[in-house]
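Take a look at the structure set out below.
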Amino acid sequence: MLLALGLTLVLYASLQAEENSFTINSIHMESLPSWEVMNGQQLTLECLVDISTTSKSRSQHRVLFYKDDAMVYNVTSREHTESYVIPQARVFHSGKYKCTVMLNNKEKTTIEYEVKVHGVSKPKVTLDKKEVTEGGVVTVNCSLQEEKPPIFFKIEKLEVGTKFVKRRIDKTSNENFVLMEFPIEAQDHVLVFRCQAGILSGFKLQESEPIRSEYVTVQESFSTPKFEIKPPGMIIEGDQLHIRCIVQVTHLVQEFTEIIIQKDKAIVATSKQSSEAVYSVMAMVEYSGHYTCKVESNRISKASSIMVNITELFPKPKLEFSSSRLDQGELLDLSCSVSGTPVANFTIQKEETVLSQYQNFSKIAEESDSGEYSCTAGIGKVVKRSGLVPIQVCEMLSKPSIFHDAKSEIIKGHAIGISCQSENGTAPITYHLMKAKSDFQTLEVTSNDPATFTDKPTRDMEYQCRADNCHSHPAVFSEILRVRVIAPVDEVVISILSSNEVQSGSEMVLRCSVKEGTSPITFQFYKEKEDRPFHQAVVNDTQAFWHNKQASKKQEGQYYCTASNRASSMRTSPRSSTLAVRVFLAPWKKGLIAVVVIGVVIATLIVAAKCYFLRKAKAKQKPVEMSRPAAPLLNSNSEKISEPSVEANSHYGYDDVSGNDAVKPINQNKDPQNMDVEYTEVEVSSLEPHQALGTRATETVYSEIRKVDPNLMENRYSRTEGSLNGT
């Protein structure tokens, strides 16, 4: 019933609000006591709203509080002021706040206000134990319950009464606490742990005050070791030296300890599962020095040190020698001595072999005597050895041999291995390769194996070896090795001795040459586009020739040549560039050809002209012969010509409508040798304008051609007969 009544009132109020007009005048926030507060203080954020309305009663509105754009509190109210209370402000409460008022479909939001909380609350420190044994572990719990993670924790381990921090651990936790383990060391006695918490606020880390834990008491697991030295007091070489290290172990230790005795850094004695370790040795001066005793468990190590001095009974012997380097056959003389000349027992040794039990030793040196020598001197139980003396006995080198590894002829620029070897003589051996009497390369070998040098000769060369070793004899020389080098052909060139333009009929000489090459050299001459050479020559020279005594047009073209020798590649031979040769005719030949051509042209023209006139004459003779019979032809003396081959025709006038003239040779077939005079009859018809129609004028013209002796000029006589109008 009450719920229904409340809903009715709310509905009524909302309906009233919809009917009334309102406006949100302003909205802002205030912070109490301030926008900046200390950690743990109460913080009150107020949202103040100013609303105007036509209603007589206050309108109901909604107020929302935001921190960093996330809503943290909201309330429905009719009041002008609403508050958001934080009882104890913490660092995580720092941020940007704003509030929003909502009334029906209208809302308004304040600007953002920044809240800062300074300081971090104190953390809490707890320990899992207050008493611990050396080598144990203490677990420290540092927590900050009031703050929100992530939290930065810093925990330190300190010795009570000092400010020295023995260990520090930093850790960022995503929880508001952290658990850290601290091992307990041998130097720890009474400990305290200190914890400090930090929280990142914006870009600044705010830290709490450091909080100290309760005290932790540390108990020893074992004591610091102690030394016992026997004999006490002065220790002399030959005495029996006892060095004893003693440790007291408590019942709380669950791990086995190890005791170690060291001289300098060398371990001389150890003991496990015991409370002591002993080092016993006959005292010698070299055993003097700094001794350390260490007691170690899994995590704990304790140590103490002592200085032991041993008095020398007699000094170390010295081995004297004539020379450390002897030639084979020289005297090897050794002597062992002790400073102060005490009575002692001596031995002279080579490595581990005793050569003499006396103070001196001599012999003729052999190469096998090379090695390290020493001597000993003994008084009572004390025996001392001298330092090692290296002695080398050198055998003289034999004459070295010299040879090369080439299996065939040596080609210019190719590598060749030249070896030097002395089969006898003490190593190491130094070989010097001499090239053209000058030092070229040096090699040292540690055996009698050959020393191999590498060279790339470019011409015939002489090599010699010089060998040397530790022997005092001067260096020995090998024989001279002469190396013959063959050079492949290089830069093939083809040329012509005269000009590239050769006159026909003159001599033509081609030359093929190389810049360099070992003879014999094979030269081959080629003409372009021909697979086989037209000339080949094998000569002991760097050039070859091809001669042609009379050049013709056939020799015109492109030429090249190749050259090869023993050093050339089997696949290809070096080739020259191409040479162009042109052959031209001699001037007199050109003139002769011109004369012949002109004569042929003239003869052709004469024959053509003669044929032309003969055709024309025949063409005219045919109509004349058809018009009238032939008449005998009279000579100049009115004599009849009687040769049967001569045909004389006399022409009379006839009607020629077309008016064409006709010409016919008279004695065409007569033998030219028997005929001195030839006649040609020409008829000319003309029509005079004053004559009547049907009257025709005819004129006959005879041309006489007389043939005379060829050496004389040809005489021509002409005779003309004519009759006009019957005259």
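Backbone N, Cα and C define each Cβ position, glycine as well.
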With respect to Swiss-Prot, which of the residues Tyr215, Tyr652, Tyr702 bears the note phosphotyrosine? Tyr702
Quick test of reading the record: Swiss-Prot lists a disulfide for Cys293. Which of Cys245, Cys375 is on the other end? Cys245
Determine, on the basis of Swiss-Prot, the cysteine among Cys99, Cys195 paired with Cys142 in a disulphide. Cys195
Quick one: Swiss-Prot says Cys420 makes a disulfide with which of Cys375, Cys465, Cys470? Cys465
Determine, on the basis of Swiss-Prot, the cysteine among Cys47, Cys336 paired with Cys99 in a disulphide. Cys47
Can you tell which of Cys561, Cys611 Swiss-Prot lists as bonded to Cys512 through a disulfide? Cys561
Among 83-88, 413-418, 479-484, 677-682, indicate the range for which Swiss-Prot gives the feature motif 'ITIM motif 1'. 677-682
Argmin Cα dist to Cys245 (disulfide bond) over the disulfide-bonded residues Cys99, Cys465, Cys561 returns Cys465
Cα distance (Å, whole number) from Cys375 (disulfide bond) to Cys465 (disulfide bond): 42
Take every residue in the domain 'Ig-like C2-type 1' (40-126), average their pLDDT values, and give the whole-number result. 90
